[in-house]
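Taken straight from Swiss-Prot:
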- 10-30: transmembrane segment (TRANSMEM)
- 42-62: transmembrane segment (TRANSMEM)
- 72-92: transmembrane segment (TRANSMEM)
- 103-123: transmembrane segment (TRANSMEM)
- 131-151: transmembrane segment (TRANSMEM)
- 178-198: transmembrane segment (TRANSMEM)
Amino acid sequence: MADTKEMKKILFAPFLDNNPIALQVLGVCSALAVTTKLETAFVMTLAVMFVTAFSNLFVSLIRNHIPNSVRIIVQMAIIASLVIVVDQVLKAFVYDISKQLSVFVGLIITNCIVMGRAEAYAMKSAPLPSFIDGVGNGLGYGFVLITVAFFRELLGSGKLFGVEVLPLVSDGGWYQPNGLMLLAPSAFFLIGFMIWAIRIIRPAQVEAKE
């Protein structure tokens, strides 16, 4: 029972209590770039979750055999290999989305969330908790991405997953798309609002005044 509770805590903590974007402010670049549509945000979430979970698992499995002097290189090699697999799978099965994600799939290699969890958690923990931690941080990252993408696509184009939800003026409806929501600065504002909302729910995350 204790192990189950601990696993649940590891899995769900990255949503609100220790969100990699909202609290740690990591992975923000991709949050700006891939959140104009829900489908790209969803696929990016799956990609990051896969890479984070399995890089954590593999790093944890060999952590006692990695010389300290080359541990970062080994972690990078594992992460890069997983990213290549993800990139090839996306190109094979969802080529159009892969083109929209462009270089940001490859840049998962340098994503601070992935590297941070491998170094800070997987190097010190057993394989199963490390894997769960990777899944949790991928989901926490995706929680922000998908929330931001929901509002950007809905308000920016009147659509969700490419399907018209709000009747557009151009089609005789009442909604005029807000082009600002499709620009990168809108993601900054939305992430800021999310951080504000999370810190209302979790006051302990508010930094102490100097």
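Placement of Cβ uses the backbone N, Cα and C atoms for every residue, glycine included.
As the structure is a computational prediction, the values presented were derived from the model and not from experiment.
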Stretch with greatest number of CB pairs under 8 Å, the transmembrane segment (10-30) reference, 42-62, 72-92, 103-123, 131-151 candidates:
131-151
What stretch of 42-62, 103-123, 131-151 shows the most Cβ pairs under 8 Å to the transmembrane segment (72-92)?
103-123
Beyond the flanks of the transmembrane segment (103-123) by 6 or more, those residues with Cβ under 8 Å of it:
20, 24, 26-27, 29-30, 33-34, 44, 47-48, 51-52, 55-57, 59-60, 63, 66, 71-72, 75-76, 78-80, 83, 86-87, 90, 129-130, 133-134, 137, 141
